[in-house]
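Colleague: Input: one structure, supplied below.
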Amino acid sequence: MQKFLGSYFITWDEEMFDEELGQGAQVNTSDLNEELGQVEYVFTDKTGTLTENNMEFIECCVDGNVYIPHAICNGQILSAASSIDMIDSSPGGYRREYEDLFFRALCLCHTVQVKEEETVDGIKRGIHQGRPTSFYISSSPDEVALVEGMKRLGYTYLRLKDNYMEILNKDDEIERFELLHVLNFDSVRRRMSVIVKSSSGEYLLFCKGADSSIFPRVVSGKVEQVKARVEQNAVEGLRTLCVAYRRLSASEYQVACHHLTEAKLALQDREQRLAQAYDIIERDLVLLGATAVEDRLQEKAADTIESLHKAGIKVWVLTGDKMETAAATCYASKLFRRSTQILELTKKRTEEQSLHDVLFELNRTVLRQRSISGLSVDCLDFGLIIDGATLSAVLKSNQEGGGHGNYREVFLEICRNCSAVLCCRMAPLQKAQIVKLIKASKEHPITLAIGDGANDVSMILEAHVGIGIMGKEGRQAARNSDYAIPKFKHLKKMLLVHGHYYYIRIAELVQYFFYKNVCFIFPQFLYQFFCGFSQQPLYDTAYLTLYNISFTSLPILLYSLVEQHVTMETLKREPSLYRDIAKNSLLRWPVFLYWTCLGVFDAVIFFFGAYFLFDNTTFTSNGQMFGNWTFGSLVFTVLVFTVTLKLALDTHHWTWINHFVIWGSLLFYVIFSLLWGGIIWPFLNYQRMYYVFMQMLSSGPAWLSIILLITVSLLPDVIKKVLCRTVCPTATDRAQSTRPCLTVEPSTIFMLSQSSSRMSF
């Protein structure tokens, strides 16, 4: 119940509500609330997670020449851009053919759809100056940015009608191409292609994709010039794509059709056969050029990563992007700092040296630095960059074994000594393999994966905690995750506040239940030594039944829902407080032993305190002595008041509902006992508790004994708290000392809707 009700407070958190999306955080499971407070590794996607996934076309490079849309409008050179290479509008220009092919390729090689004015996610799109216009939509924001960029350069994609794609060229002429085949993009090939037929009957294959997948298939073109521009754009943090084409003869087209048809009709291994067919078709390409698209960093993404680092959480970025592009984003997001020493474990380096030599050289570097500096592992400022090809080699060699085959432990040792890791050129399956590798390491850390797209689902499912971003690439990640949040910045509060609170609350709940039941049962055990082990109960049946149901359940339930040992602002301002609860620090055996010993101590005080104080003593004016039921009622009264006041001592965040439940529970016990012992109940076969509770309250020594025993029982816990805060205070203790220990604020525990909630828990 605590986990189920606690999950609603995440949903109601107004600080995690995004106005643009009109949505707040979502909880798909309530079983992992406390694990949010134990995360040691965060694996995050880049595009759409760290970045906005709002692509803007910046430039393109055609045959080694750069074209910028800000300097060109419908093919016309603007006056402020005379120093930039422009489209050669003269009919005999030697670049004209490459330009036309390049722009046509980007207008045709995509899965973009043209839509008229409609409402998308509650926002009306396609309206300009009160008039409906068309706009582009696609599952890939990159494709929309490229098509819109081509429109600014004078080539407009109009529509797909009756399997014909229409484009408007810069001469305002409509060109029609028959769409024959689409070779869809996948994360393994890292490219997509289309086969079209022009109005003149020419067959053309247009292909676009990552530079690493295009360059090896190119047989001609200005590869070096384009490659240099791609690397320059990547260093600046721009997303790059390469574009190539191939003219097909009629016979070549027929062969390609045969391969595709055969693969599509295969009953077994269809995906594998399609991949083989694509590999055969996408060969002997002519390089046309490359594009550069900007994807800005999300708001407060850098602040979130910096806070996670201060909290002792290691952040890994897993992306399919080019290394230079991803590295630039990592520097911008403060994953890497200027003082970070970058260690590269890439295909380029392993081609120069063997994988064995590179791994052991990096391992010696980090171990040498650690021994020299004398710092802990967390303080070492190393950053590791690894690509997908090298990761595959590490995992493959580990599986094959033999010789120097087992590189997994060496790789993990390097990662342990790095404050941040960037994994680039990663396929979705490799992202999941990375998460699984860390999960299976000897420390068995708690992992969290966060992403926004379908390609992140595998790692989200693999991690202990999966968080989906409600991004622009559908809701696959959000639906397959444990939690869904609108933006990456909300991860900070999710972990440092909600995770922190829920771990402490559930830890206190578990330990408190052990404690109060030890206090409850142990006096009954001691009583058997005085009744000849006759199974005579110390407490009345009603008390035995209602102790955990009514008398002591509501205070701890409310405590485990609303307790705030430090304020939210303090947790967000001082992320290092997260370290105090790391490594399951509140549910280890020393803490469990303390609570158990405290319960045994209090139980001994309850029983023997009452036993020795009332031994051979008369308590009433008529000389009557307390019987066994009066003795049991006194012990039970001290028990209920002690365990409830113990919880009150541990409460730092007081609201009116706390007061109502804690003092109301004690009042309910007193009223129930008065009614239970003050009335002869006709449905009972016995009346052993009649007038017992009133007789106890009529005795002055009984009152004194109750107060004395409660005070003595609570004293060890009070002394322990004072000594811990004075002698060896934790960071949390110091944070608590900066504000009043008890605060009274209005509660919103009963506000069961987002619209009525005005507080975040």
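Each Cβ is built from the backbone N, Cα and C atoms, and glycine gets one as well.
Because TrEMBL annotations are produced automatically, they should be read as predictions rather than curated entries.
These came from TrEMBL, pasted as-is:
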type: BINDING; residues: D45, T47, D452, D456; note: Mg(2+) binding site
type: BINDING; residues: D45, K46, T47, E143, F185, K208, R239, T319, G320, D321, R425, K431, N455, D456; note: ATP binding site
type: ACT_SITE; residues: D45; note: active site, 4-aspartylphosphate intermediate
type: DOMAIN; residues: 478-730; note: domain 'P-type ATPase C-terminal'
type: TRANSMEM; residues: 542-562; note: transmembrane segment
type: TRANSMEM; residues: 592-614; note: transmembrane segment
type: TRANSMEM; residues: 626-648; note: transmembrane segment
type: TRANSMEM; residues: 660-684; note: transmembrane segment
type: TRANSMEM; residues: 690-715; note: transmembrane segment
Colleague: Specify the nearest of the binding-site residues F185, G320, R425 to T47 (Mg(2+) binding site), where nearness means the distance between Cα atoms.
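Modeller: Of the binding-site residues F185, G320, R425, G320 has its Cα closest to that of T47 (Mg(2+) binding site).
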Colleague: CA-CA, which of the binding-site residues F185, R239, G320, R425 lies nearest D452 (Mg(2+) binding site)?
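Modeller: In terms of Cα distance, D452 (Mg(2+) binding site) lies closest to G320.
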Colleague: Determine which residues of the chain contact the transmembrane segment (592-614) at the Cβ level, with the cut-off under 8 Å and only residues 6 or more beyond its ends counted.
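Modeller: Those are 511-512, 514-523, 526-527, 530, 626, 631, 634-635, 638-639, 642-643, 701, 705, 708-709, 712-713, 716-717, in sequence order.
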Colleague: By CA-CA distance, flag whichever of F185, R239, G320, R425 among the binding-site residues is nearest to D456 (Mg(2+) binding site).
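Modeller: Of the binding-site residues F185, R239, G320, R425, G320 has its Cα closest to that of D456 (Mg(2+) binding site).
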Colleague: Just checking a number: largest C-alpha distance across D45, K46, T47, E143, F185, K208, R239, T319, G320, D321, R425, K431, N455, D456 for the ATP site, rounded to a whole Å.
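Modeller: Spelled out: the longest distance between any two Cα atoms in D45, K46, T47, E143, F185, K208, R239, T319, G320, D321, R425, K431, N455, D456 is 24 Å.
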Colleague: Quickly jot the same-chain residues contacting the transmembrane segment (542-562) by Cβ under 8 Å, restricted to those at least six beyond its ends, or write none.
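Modeller: Same-chain contacts beyond the flanks: 1-2, 5-6, 9, 505-506, 508-509, 512-513, 516-517, 520, 632-633, 636, 640, 643-644, 647-648, 650-651, 653, 655, 657-658, 661-662, 664-665, 668-669, 672, 676, 689, 747, 749, 761.
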Colleague: Helix, strand or coil by DSSP: which one applies to R239 (ATP binding site)?
Modeller: strand
Colleague: Sort the binding-site residues R239, G320, R425 by C-alpha distance from D45 (Mg(2+) binding site) and give me just the closest.
Modeller: G320
Colleague: What does DSSP call F185 (ATP binding site) in the simple three-state scheme?
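Modeller: In three-state terms, F185 (ATP binding site) counts as strand.
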Colleague: Starting from the Cβ of F185 (ATP binding site), draw a 10 Å sphere and report how many other Cβ atoms land inside it.
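Modeller: 20, counting other Cβ atoms within 10 Å of F185 (ATP binding site).
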Colleague: Who sits close to G320 (ATP binding site): which same-chain residues at least 6 apart have their Cβ under 8 Å from its Cβ?
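Modeller: S187, R190, A210, C424, R425, M426, A427, N455 - these are the non-local Cβ neighbours of G320 (ATP binding site), listed in sequence order.
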Colleague: Taking DSSP three-state, what's D456 (Mg(2+) binding site) in: helix, strand or coil?
Modeller: helix
Colleague: Determine the Cβ neighbour count for D452 (Mg(2+) binding site): the number of other Cβ atoms within 10 Å of its Cβ.
Modeller: 31
